[in-house]
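Engineer: Pasting a structure here, questions to come.
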Amino acid sequence: MNALFASHPHDGPDGGDSATQLGHLVTGELDLSHGVALYLEDITVSFDGFKALNNLNLAIDAGELRCIIGPNGAGKTTMMDVITGKTRPDSGKAFFGQTIDLTRLTEPEIAHVGIGRKFQKPTIFEQHTAFENLELAMKTDKRVWKSLLAWLSGDDRDRIADTLKLIRLDGEADRPAGLLSHGQKQWLEIGMLLMQEPKLLLLDEPVAGMTDDETMRTAELFVSLAGKHSLVVVEHDMAFVEKLGGKVTVLHEGSVLAEGDLATVQNDQRVIEVYLGR
Amino acid sequence: MKKTLFSLLLSVFCLGALAAPDPALVRQLAADDNSDKIAAIQQLAAAAEPGTATLLQAMADDSLFVAGDRLFVFTGDGHVDALSGAPAELPEGADSVTVNNRLRGELANALAALKLFDADRAVRLAAARELQSQVGAELAGVLAKARDQESDGEIRPLLALAHAQATLQDADPAVRLAAVRTLADAASPAVKSLLLPLTDASRESDRAVRDAAVLALKSIERSLAWMDTLAGIFSGLSLGSILLLAALGLAITYGVMGIINMAHGELLMIGAYSAYAMQSLFRAYFPDHVDWYLPAAIPVAFFAAAAVGVLMERTVIRWLYGRTLETLLATWGLSLILIQAARVLFGAQNVEVANPSWMSGGVELLPNLILPWNRVIIIGFALFVLFLVWVLMNKTRLGMFVRAVTQNRAMAGCVGVPTARIDTMAFALGAGIAGLGGVALSQISNVGPDMGQGYIVDSFMVVVVGGVGQLAGAVWAALGLGIFSKLLEGWAGAVIAKIMILVAIIIFIQKRPQGIFALKGRFADQ
Amino acid sequence: MSATSSVLPLPASGRVPLTLRVFAALDRKAWIALAVFLALALVVVPVLNLALPPESVFHVSAYAITLIGKIMCYALVAVAMDLIWGYGGILSLGHGLFFALGGYAFGMYLMRQIGRDGSYGADLPDFMVFLDWKELPWFWLGSDSFGWAAFLVVALPAVVAFVFGYFAFRSRIKGVYFSIITQALTYAAMLLFFRNETGFGGNNGFTDFKRILGYPITAPETRLVLFGLTAIALAATLVFAAWLVKSKFGRVLTAIRDAESRVMFIGYNPLWYKLTIWVISAVLCGIAGALYVPQVGIINPSEMSAANSIEIAIWVAVGGRGTLIGPVIGAFTVNLAKSWFTVSFPEYWLFFLGLLFIVVTLLLPQGLVGLWKKLMARKGAPA
């Protein structure tokens, strides 16, 4: 498994680093020199007067596994929208590493600099096979011209096969993804994320609808990914959060209410008030 | 003493003589030469003696006859002598006095001038209005007299303008100057062309008059431009109200329910044909009350279109909720069927729908700005329908249910809203409102099987610009598009204006894909 | 994977030349069908038309050749529409515009080929003489050259599609919104072309063509050449489209159709994918229009009416969208039905067409091809 996520050489002539892959994109190399992967400062987003995010501050270290919890409407999904470029903040800074200003990039550009996102509701290509889903997600040059002429190399096929095995879909490679079970779809989406080889993974309720067994295996996978990748996991399932074992941030009404390890947070009086310590 | 009596008698006699038109001038009315006739008309009018009006009116009506040097007037039940007014037999060989178009113009002016002394204020006002263009110098005297006598605040300024026009060529520069200054208040293209020569040094020797003319022209141009804008805004409002009527139904079916109905134009057509059918019915059975067909058509059109709407929703649209592109194609199919059905039922040709008599004519807002009644009534009707829709959507249970279903269908169903019935009723409401729009359209445009096709692009533009889910957006968009396109039309012509509007909308949509009134938040792009 | 059903035993991965990949885009049956189609169009039909006397049962009339040639142009448009709608999920109501642009671009050349044989015997096209114009407007420059005309046929739809598509897709206009905006664009263009002053013959458009490349345009041989060229264009388009949709580009395209946000978050910019297929589709329409005009002998602004563009969609829907043979079948079915109805029951044609729109969307979402597949599957299943 570790070999799978080692930095992977590409066959294509242009398979170089992420920053050159969209022809029109000029961004710096991801700079993790200060040990911070993601840095949000005073982010505010409002919809018709309602502040979905209110002066949110958040810093994720390189290689960190962070869990975000909070009641409904706390701004978890909006925060992910801001990081991935879907929503532009009204004010505030969002930096990826030291140099990449996320508020200036489009969604595909943000994906290219190394941020992968899993949606709350599994979002996969239902008409494509599981294999094709992974193929499309694979880190490569994603410009139109390259796609027209693309042809999978032997290594590419091996990588897709490895990932299929990892997410336990190797028996379902040629089935349309729409026919997979809910848990399988969740796994397929995680697999697609891994194929992107992102530096930072945003996972919105990744184990919703999974069996306990699947949930535990997912937790193991995430823990093994941490260190090499930074992970931000939004989850309601406290058993899962506990299993992940990382730092926990509690969001409430668009800002950070408390931060620390799970036990500290769960004993925080304000958290208990708004969240009833669930 | 005797002498005094004589002179008194003489003066009475003279007064009597003065109080009737000069016989020589009257005879001159039958002169061979048209110029002589014109001179006679002008002098008679300038003298403004009682009886002159009857005489000139008779001449204008071809009721003035000449036999030798005697003139006779036909009064309807017999002839009278034109001079004495006594009944008389028309001699053999008497001819009617010939009147050509030039003479008719002179007669009209002269008659108008004479009417300035009528006791009836309305007659005087009408006459003064008639004298606002092509007033000759010969009327200067009579106009001055009328102006000085006139006490009415509305008529007096009109007379002053008319008098100024008549004295514009006066020999005295001071009189010309006064005339030019008075005319600065007029706002008519005719006055503009009258003043133009006075700015020319070769035609107007007096410098003060020239300068005044330049100033006056500027002032007239300003007020003309202002009136053009006003007229443009009015016709824009009128077009906007039509667009609104065409688009209001769509604002419900597409804007609120999200159903893209390409047959919307055909629902307008059904409304218009309902008006036609009611007109035929009234002509056949209530010929004395034909004018009432229009009020009667309003409910008929509403229910006819709504019934077709129910049919459409139940048979086709219901099965396609959430599949907008398929809905688009299927409703296009419905529109083809409705068009062909109209051709089979009413023929492929346009049918004639007449305005009721109370809708003809117009209200005069300013001397050169007349608002036709049919347009005014349609604007009022659009406001009425708008109010109706607003009440229905915001103040009734149906409206509340519709909004509930639109926002969250599943939840609305859970709390007991009969979603399927609400869909049908809301669609029927949208269709019925389109029917009402059709009645309005029947009053100002052709009614034919294809009429709906012309409105479909416009209606969608209104809804798209206004923003989905918003009635207020549709209203502003309709009025904005209406006024904007009318103002552009005046500047670039109808076709180019239309193209510019469409291109502008396409660009606008790029900038604000959600329309003027955008919904924001996490559900905005679903 | 794409290679599994190909004619050649292509390696599933590794370096494979592009030509072989194009060849692999169609399976054996499809290649045979294409060969049969081309043989019919290029050999059998010309022989039956020229060699057999008109009395013969097997004679193919000039009317039939024009009709089939016209429908082949429509089929080409339908394939273009299917690429953008069936595979890209973008319903255009503006394809009539691109078709007309191609037609007008080539029509300008045909107008110039009339030379002095027009009814006024002037150098200028008749409608310009009628408008009392003294010289050609600037945009007619070079219109006497076949090469320039051929260039415009491709370039004009491409540029219009690119500019419009760039702004529309960049603003993320989708679904019905996009459809309505394309309809508005086409409507505006139609109004523009209806004006005499625009310089394209007003509402009469271009007609009364005499020659093409110096050959008389109504001669049987010329017709057969045009017919053959149309068949080749259609066949080439089908091969090109098959390669396109089987390439990774095609998979990204259908992915955008099914889940656009996911495509963005894995790093593809949908703008350029949509724009590429949109421009390709527009250019194919332009080519179809250019082939259509010399065969039918007229082009006028009514080609840009809303009804025409929507009808293209129904050809695709009837045949089956998201397949390549579907649009061809649809174009032939609907248009043959149309020419039969308009002769036999003209007043029922619109009823039939309207019903077709409804029945296909309600009952046959996969079209005739889908119906056929379903029937085959039922036959194949144990009774």
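Keep in mind that glycine also has a Cβ here, set from the backbone N, Cα and C atoms.
Marked as signal peptide by TrEMBL: B:1-19. Feature annotation from TrEMBL assigns transmembrane segment to B:230-255, B:267-286, B:292-312, B:324-346, B:373-393, B:460-484, B:490-509.
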Engineer: Can we call the transmembrane segment (B:324-346) and the transmembrane segment (B:230-255) in contact, meaning three or more C-beta pairs below 8 angstroms at a sequence separation of 6+?
Structural biologist: no
Engineer: Which one, B:267-286, B:292-312, B:373-393, B:460-484, B:490-509, has the most C-beta pairs under 8 Å toward the transmembrane segment (B:230-255)?
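Structural biologist: Stretch with maximum Cβ contacts: B:460-484.
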Engineer: Short question: which residues 6 or more past the ends of the transmembrane segment (B:373-393) have a Cβ under 8 Å from it?
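Structural biologist: Result: 234-235, 237-238, 241-242, 244-245, 248, 252, 256, 355, 358-363, 399, 402-403, 429, 433, 436-437, 440, 443-444, 471, 475.
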Engineer: Sequence-remote contacts (6 or more beyond its ends) of the transmembrane segment (B:267-286), Cβ cut-off under 8 Å?
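Structural biologist: For the transmembrane segment (B:267-286), the sequence-distant neighbours (Cβ-Cβ under 8 Å, at least 6 residues beyond its ends) are 246, 249, 261, 292-294, 296-297, 300-302, 304-305, 308-309, 338-339, 342, 346, 351, 353-354, 431, 434-439, 441-443, 447, 449, 451-452, 455.
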Engineer: Any residues 6+ beyond the ends of the transmembrane segment (B:490-509) with a Cβ under 8 Å from its own?
Structural biologist: 228, 232, 457, 461, 464-465, 481, 484
